[in-house]
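S.K.: Relevant sequence annotations retrieved from TrEMBL are reproduced here:
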COMPBIAS  1-14  compositional bias 'Basic and acidic residues'
REGION    1-35  region 'Disordered'
TRANSMEM  45-65  transmembrane segment
TRANSMEM  77-98  transmembrane segment
TRANSMEM  119-152  transmembrane segment
TRANSMEM  164-182  transmembrane segment
TRANSMEM  194-215  transmembrane segment
TRANSMEM  235-253  transmembrane segment
TRANSMEM  274-295  transmembrane segment
TRANSMEM  315-341  transmembrane segment
TRANSMEM  370-389  transmembrane segment
TRANSMEM  395-415  transmembrane segment
TRANSMEM  427-449  transmembrane segment
TRANSMEM  455-474  transmembrane segment
Amino acid sequence: MRRPESRERGHRQEQPSGAGKASMDGPARDDGTRVPDRVTLKKEIGLLSACTIIIGNIIGSGIFISPKGVLEHSGSVGAALLVWMLGGGVAALGSLCYAELGVAIPKSGGDYAYVCEIFGGLVGFLLLWSAVLIMYPTTLAVIALTFSSYVLQPVFPECAPPYAATRVLSATCLLLLTWVNCCSVRMATRIQDAFTVGKLLALGLIIAVGLVQIFKGNFEALTPQAVFSMERTPSVGQMALAFLHASFAFSGWNFLNYVTEEVVDPRRNLPRAIYISIPLVTLVYTLTNMAYFSSMSSDELLSSNAVAVTFGEKLLGMFSVIMPISVALSTFGGINGYLFTSSRLCFSGAREGHLPSLLAMIHVNKCTPIPALLVCCTAAMVILCIGETHNLINYVSFINYLSYGVTIAGLLFYRWKKPNLYRPIKVRLLVPVCYLMFWALLLGFSLYSEPLVCGVGLLIMLTGVPVYFLGVHCRAKPKCINRFIGEL
């Protein structure tokens, strides 16, 4: 392991054409090979892999879970479909804002890197603290549990899979994908590419079967008379909750910004990947929901705990086992994507001095951030052992949206702070303003409807304040601590 370049050198806007490869001018090993003076992450993510990172992180377990919540809170099939389409539009607005930030501040780390640059170390550390402490470990644990539940469902068709079996399989999946990400960036991105294609094929199967049903005339729930028939008129708060459920399925749209330094020609490929991926996911999600409604009534969908499985049981007969397998493949790719991007967040935080320097080390030959990957895997395993994750998911959602809003507000502040900075991408002012209006509305109704959950989420974030001043701001640490970190 070698440390990456120093913090001062790490703030460059662009590296020369040889960036991303190890410089081999360092001292010689005993076997005569050279040890690199500077080891950096390789630029191995092209346009296809960039698209699959976005699509692979967005399409996880959300589309198989959220339709029930969206329909329940929106009150009608038509309103639910509008919520799904508008959710994709909001994700597109946020992605465009992140594209401008990604090329103006071309550093890995996403929200954290941008907020550090714009608002300073304390605000950036609070986002990093909440993400590393709870947001990403919890998300990884939940996706891993979803994966194991669907894999084991055919084995235990009459009952829920045993608690121990789901935990063991989830931990095995996490360890396997951590090993893959430690071994090779190329191998991890190839897995992401393959499983993203698998996810789209699984959703394509649902859409194709749904279209066949529509062509046969089975679209009672989609007729103009039925589509907006409401048993109850939803309140503004209920519609906000419906958007929260849809937005959960769209979460992950900003993950390419966590690996900006590994993207080939980010000034071109970053916005291109966004323009391709977000509309594609929105179209797939809308058609998937239409397919669900082509064969299931609103009551059937609301009574189902696994919409895709119920859909398969109704229409695929003996081939219904395809659905849980497809969902398992989808979540497997989601775990890989979250590991890949969350480890880069730890790496970026350590490089800026906000986490122990051990996490900023990269393997000399493999050029992968192995210590950061191991920490992410360990944290997710701890959450797995806790067992109850439902409350943690609520805290994660609040913290996630808080970080989005702070980051996009930072875009406006950065334009005022550095008006003459060259920006290869500069979105119209209306784009961040519209996003922030939606964000404020959503966050306001969240605080009103769930004050305890939001309060705990804020408390988790604010516990990072004393940690920042004692661990980061205070440079005069005891020698024993420095010695321990050095030995690690």
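Sequential numbering from 1, following the chain as shown.
Backbone N, Cα and C define each Cβ position, glycine as well.
I'd like these features described in context: how deep, what's nearby, how far apart.
M.R.: Sequence-distant contacts of the transmembrane segment (45-65) (same chain, at least 6 residues past either end, Cβ-Cβ under 8 Å): 91, 142-143, 146, 189, 192-193, 195-197, 199-200, 203, 248-253, 255-256, 259, 262-264, 269-270, 272-274, 276-278, 280-281, 284-285, 288, 306-308, 327, 330-331, 333-334, 336-338, 340-341.
Sequence-distant contacts of the transmembrane segment (77-98) (same chain, at least 6 residues past either end, Cβ-Cβ under 8 Å): 58, 67, 70-71, 110, 221-222, 226-228, 230, 234, 239, 242-243, 246-247, 249-250, 253-254, 257, 271, 274, 278-279, 281-282, 285-286, 289-290, 293, 298, 404, 407-408, 411, 427, 431-432, 434-435, 438.
Using a Cβ-Cβ cut-off under 8 Å and counting only residues 6 or more beyond its ends in the same chain, the transmembrane segment (119-152) has close neighbours at 60-61, 65, 111-113, 160-161, 165-167, 169-171, 173-174, 306, 324-325, 327-328, 331-332, 334-335, 338-339, 342, 345-346, 349, 352, 354-355, 375-376, 379-384, 389, 392-393, 395-396, 399-400, 403, 406, 410, 413, 457, 460-465, 467-468, 472-473.
Distant neighbours of the transmembrane segment (194-215): 52, 55-56, 59, 63, 222, 284, 287-288, 290-292, 294-295, 308, 311, 315-316, 322-323, 326-327, 329-330, 332-333, 336; these residues of the same chain sit at least 6 beyond its ends, with a Cβ under 8 Å from one of its Cβ atoms.
If one looks beyond the transmembrane segment (235-253) by at least 6 residues along the same chain, the residues whose Cβ comes under 8 Å of a Cβ in the stretch are 54, 57-58, 60, 62-63, 65-66, 69-70, 72-75, 79-80, 83-84, 86-88, 90-91, 94-95, 98, 274, 277-278, 281, 285, 334, 337, 397, 400-401, 441-442, 445-446, 448-449.
If one looks beyond the transmembrane segment (274-295) by at least 6 residues along the same chain, the residues whose Cβ comes under 8 Å of a Cβ in the stretch are 51, 54-55, 58-59, 63, 67, 77, 80-81, 84-85, 87-89, 91-92, 95-96, 98-99, 200, 203, 206-207, 209-211, 213-214, 218-219, 221-222, 249-250, 253, 256, 301, 307, 311, 314-315.
Same-chain residues lying 6+ beyond the ends of the transmembrane segment (455-474) with a Cβ under 8 Å from its Cβ atoms: 121-122, 125-130, 133-134, 353-354, 394-395, 398-399, 402.
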S.K.: Find the member of 164-182, 370-389, 427-449 that has more C-beta pairs under 8 Å to the transmembrane segment (395-415) than any other listed stretch.
M.R.: 427-449
